[in-house]
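Peer 1: Have a look at the structure that comes next, please.
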Ligand SMILES: C[S@@+](CC[C@H](N)C(=O)[O-])C[C@H]1O[C@@H](n2cnc3c(N)ncnc32)[C@H](O)[C@@H]1O
Ligand SMILES: Nc1nc2[nH]cc(C(=O)O)c2c(=O)[nH]1
Ligand code: SF4
Ligand SMILES: [Mg+2]
């Protein structure tokens, strides 16, 4: 869909410059998705792996975030193998709705109620980033926490349109359950992509 250079706004690497590769196509259907224009793959241009390399080599940055859309709808083996061969750190943002493919340095797993994750994701999760849209999402977050590795970082991130209402509850929840950290979509406050 697009390639852009920005600052990772969310989760463990928040604040770190990163190249974003956003792949078009997603059938998970989150009602509050903030990139609904990504859903239809056919709306977006096709780039070969060589064209992607040509674009990203302009940026003085070694960290790539592959996102979407839902990147795991595709077999990520070829793209990630070639990018690894160029010595990039490869992070993925995924709902885990499809089997894990590709080679990853960091996996941000953000499970969705709208499409049950594939069981292959749990062993790969480096961070669990649960989106809090309403009260029931705390329980959903805990269900997934019980399935990820012990060292997996845990984040609660307010759904953007409900941030004002839910952030105070997220703060209280994290203080009562200090294994959880808070993740904010800082790029939206900074007005950057
Ligand atoms: C747009 S998604 C693309 C990657 C993948 N499909 C996924 O959902 O993880 C990137 C990240 O943004 C989060 N996100 C999407 N819409 C959001 C919203 N309205 N408020 C907060 N986070 C949101 C997702 O949960 C995910 O962690
Ligand atoms: N700055 C910035 N950070 C992000 N982290 C995850 C994003 C995403 O849409 O996957 C995202 C995004 O769209 N922009
Ligand atoms: S899985 Fe990700 S891209 Fe797909 S609808 Fe949900 S938030 Fe949007
Ligand atoms: Mg985003």
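Cβ atoms are placed via backbone N, Cα and C, with glycine included.
The substrate binding site annotation in TrEMBL covers 7, 8, 9, 22, 67, 193. Summarising the annotation, TrEMBL assigns [4Fe-4S] cluster binding site to 26, 30, 33. Annotated S-adenosyl-L-methionine binding site per TrEMBL: 32, 33, 34, 69, 110, 111, 112, in sequence order. Among the features that TrEMBL reports, domain 'Radical SAM core' is placed at 13-193.
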Peer 1: Could you measure between residue 110 (S-adenosyl-L-methionine binding site) and residue 26 ([4Fe-4S] cluster binding site) for me? Cα positions, answer in whole angstrom.
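Peer 2: It is 14 Å, counting Cα to Cα.
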Peer 1: Go through the binding-site residues 7, 8, 9, 22, 32, 33 and pull out the ones with a Cβ less than 6 angstroms from some atom of ligand 1.
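Peer 2: Only 32, 33 meet the Cβ criterion.
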Peer 1: What mean pLDDT does the predicted model reach across the domain 'Radical SAM core' (13-193)?
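Peer 2: On average, pLDDT over the domain 'Radical SAM core' (13-193) sits at 98.
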Peer 1: Does anything in the same chain, at least 6 positions from residue 69 (S-adenosyl-L-methionine binding site), have a Cβ under 8 Å from its Cβ, and if so what?
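Peer 2: Counting only residues 6 or more apart in sequence, the Cβ neighbours of residue 69 (S-adenosyl-L-methionine binding site) under 8 Å are 1, 22, 23, 24, 25, 26, 35, 38, 39, 41.
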Peer 1: CA-CA, which of the binding-site residues 7, 67, 193 lies nearest residue 30 ([4Fe-4S] cluster binding site)?
Peer 2: 67
Peer 1: Give me the non-local Cβ neighbours of residue 34 (S-adenosyl-L-methionine binding site): same chain, 6+ apart in sequence, Cβ-Cβ under 8 Å, ordered along the sequence.
Peer 2: 160
Peer 1: I want to check the contact list for residue 193 (substrate binding site): same chain, sequence separation of six or more, C-beta distance under 8 angstroms. What comes out?
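Peer 2: Correct list: 4, 6, 20, 187.
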Peer 1: Got a sec? Which of 8, 67, 111, 112, the binding-site residues, have CB under 6 Å of any ligand 2 atom?
Peer 2: 8, 67
Peer 1: If one measures from the C-alpha of residue 32 (S-adenosyl-L-methionine binding site) to the C-alpha of residue 9 (substrate binding site), what distance in angstrom results, rounded to a whole number?
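Peer 2: The separation of the Cα atoms works out to 18 Å.
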Peer 1: Widest Cα span across the substrate binders 7, 8, 9, 22, 67, 193, in Å?
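Peer 2: Per the listed residues, the maximum Cα distance equals 15 Å.
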Peer 1: Helix, strand or coil: which one is residue 22 (substrate binding site) in, per DSSP?
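Peer 2: SS state of residue 22 (substrate binding site) = strand.
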Peer 1: So which binding-site residues out of 30, 33, 111 are up against ligand 3, CB under 6 A?
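Peer 2: By the Cβ criterion, which requires under 6 Å to ligand 3, the hits are 30, 33.
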